[in-house]
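First the structure, in the form of structure tokens, and then the observations on it.
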């Protein structure tokens, strides 16, 4: 099955050498930067190379509806872009919310990391509000009968951590409720996967409406990704909601997908942004895309070596190479021709803060051959 991979910090197409090249005929390719030695060199065949398209966004979620692609991304009231193909041309057409999020915390004007799904004739856009480096966060949801701008209803709070109603319940007492990913199986059961740093990535079941958690969160919550030993030092922030006493665990950006007969849990590991080009993190400490798989959407998920993701496991799918630096923030779009894994990255040597503008990149493979 085709796997197309989209990266962030420019929209590019990444192509595996073992398959025919994806056609970019008729599309204008942006000028590539002058090649300079990569800080973390990889063998030429370690990862696919990239080609750029015309979409510049950050933290997108992409769906395909009746011949049109819709991208939802971080920005004022959650930006919407539309295009006739992944190549583009992409056009910004509006926003999901017609006002600030109704959740009274975090960055209400520009919610983070949205994910949009279609279920039972309704479009659901899940989003997060927070402040960088703190876990006083919340996940909300808006719904609409159409995927484009206009007609969305902000239902507000789904779950939250740090402060507020429900934040004193497990697992919200130790987790950070951002980076929502919702998966709905063929049986209609929905699952919310979320988390960033702190106690890692968690999952709770949703009720039939997808607007509330089903059952008791304390007993139904599953920790899916974690590492016992923190690779980064503890924060000294005076606010207890903004520090991790036992050290930082750079795990976030989960996404759950299904490729028969396996469920795949993708996540980002490492430093995502705010890079100092004169003092980059040691190789392997910057963002990379990792994955595990399971026969159940509830896990446990293991990597190719059989290591549980909840115990430090994770198969590296894509990492820094060529002009790609710190790829992550991934999601999966399922097409008739195959699966599309999209993500963001910084283009080397122009490594800069990822805020709103970033590049979208895609690569192509005939199978999930990273597991072979």
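One is the number of the first residue shown, and numbering goes on along the chain from there.
Each Cβ is built from the backbone N, Cα and C atoms, and glycine gets one as well.
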| note | Checking 23-52, 53-82 against Swiss-Prot, the stretch recorded as region 'Disordered' is 23-52
| request: Could you check what DSSP calls residue 252 (active site, proton donor) once collapsed to helix, strand or coil? | output: strand
